[in-house]
Amino acid sequence: MRSQAPLRACGALLDYKTVKFALTRNRRVGLLHRLLQLGVLGYVLGWVLLARKGYQDTDRAPRAAVVTKMKGAAVAEAVGKGRRLWDAADYARPPQGENVLFLVTNFIATAQQSQGTCPEVSDLCWPQPSPGGGIKTGKCVMFNTTHSTCEIYGWCPVENNTVPRKPLLAEAENFTLFIKNTVHFTKFNFSKCNALQTNDPTYFKSCTYDPFFNRSCPVFRVRDMVEAAGETFGDLALLGGSIGVRIEWDCDLDHPAAQCQPQYSFSLQDRRYNFRTASYYWDSQRRLYRNLLKLYGIRFDISVHGQAGKFSIIPAAVSFGTGIAFFGAATVVCDLVLLYLDAKADFYWKEKFEEAKPPKGKTEAAA
């Protein structure tokens, strides 16, 4: 008997199982089957094909180019320094930027600095780096109960650290930022610019971006951008900050190219931002001087993201085949419920699975 067991196992490998359809009048399983089919159909049509556009080939890595220009003029009056006109060459760094642009909204000026020794208010007096940019000599010029005034070697007079109570370039809220962005989807050899293609040279001088009425004008008012990021211009302009500008492209190339338009969003990244810059000159006696500016302002960080899709037979066939496979999964689930969970599972099991054997007489005659 043991010697025949391997033969029977090998013989079972040669058995063939064919599908047998059994019609059951089980309303609960029938309802489950239709609900599963409707769910699969809704998933394939609603999510895979319509929402995710599973019939399209996609390009999610566009090449992007960004050019920015700031426009506007303001007059600022610093204490003891008089009035000064600021234009794009003064308050925009760099004057013609790319993905990053800095707008000056406030500043502290220290004029006519020269290298030498001068007093600096400090709590400590010994040779060490000075916040004013010089080296402390350790010589105490004056001392009282609260602080000491030390002599330093550096740029004198020392830097002024008194921040104005209001931003000196408050008019910058009405400045405009022109953001020209071009994307190229290499897979489809498709390019699009966010600026309206027009021969009117005055169009971009008078238009302002509006998400509903003027989407093809990439000219943004600074105040609108700050408010879209959840801040007020007056608070952010005093000590500076950083705002992220995100340009999102979602292009369906099965539709006309005119419908491919970018979406803009603004987010606050930091509430403080400043840096120092200086201009140097020589006097008639060949002594070196500089004018130091500590600039506070708004830094705009521009990032471009996007994707493009177009009909392709391969992803369409894959999505369609996935839907058919899910329909088969609904039948498998209902079979499991019918054969293992139903109260009459034994009866359905016998009706579904049947071993077919030919009559012995016909088998022997055939032999």
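Just so you know, the numbers here start at 1 and follow the chain as drawn.
Quick reminder: no glycine exception, Cβ is built from N, Cα and C everywhere.
Residues or ranges marked as transmembrane segment in TrEMBL: 31-50 (among others).
Sequence annotations record features per position, and here TrEMBL assigns ATP binding site to Lys69, Met70, Lys71, Thr176, Asn274, Phe275, Arg276, Lys294. Its Cβ taken as reference, Thr176 (ATP binding site) is surrounded by 19 other Cβ atoms within 10 Å in the chains shown.
Per TrEMBL, the feature disulfide bond maps to Cys118-Cys156 (among others). When other Cβ atoms within 10 Å of the Cβ of Cys156 (disulfide bond) are tallied across all protein chains shown, the result is 20.
The disulfide bond annotation in TrEMBL covers Cys125-Cys140 (among others).
Marked as N-linked glycosylation site by TrEMBL: Asn174. The Cβ neighbour count for Asn174 (N-linked glycosylation site), using a 10 Å radius over every protein chain in view, is 12.
The annotation disulfide bond is assigned in TrEMBL to Cys207-Cys217 (among others).
Among the features that TrEMBL reports, disulfide bond is placed at Cys251-Cys260 (among others). Around the Cβ of Cys251 (disulfide bond), 23 further Cβ atoms fall within 10 Å across all displayed protein chains.
Summarising the annotation, TrEMBL assigns transmembrane segment to 320-341 (among others).
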Would you say which of the recorded positions Met70, Cys118, Cys207, Cys217, Cys260 has the most Cβ atoms within 10 Å of its own Cβ?
Met70
Would you give the longest CA-CA distance, in whole angstrom, between residues of Lys69, Met70, Lys71, Thr176, Asn274, Phe275, Arg276, Lys294, the set recorded as binding ATP?
24
Between Met70 (ATP binding site) and Asn174 (N-linked glycosylation site), how far is it from one CA atom to the other, in Å?
11
Using Cβ-Cβ distances, find the residues under 8 Å from Lys294 (ATP binding site) that belong to the same chain and are at least 6 apart in sequence, listing them in sequence order.
Phe107, Ile108, Thr110, Glu159, Asn274, Phe275, Arg276
Taking only same-chain residues 6+ apart in sequence, whose CB is under 8 Å from that of Lys71 (ATP binding site), what do you get?
Ala88, Phe175, Thr176, Phe178
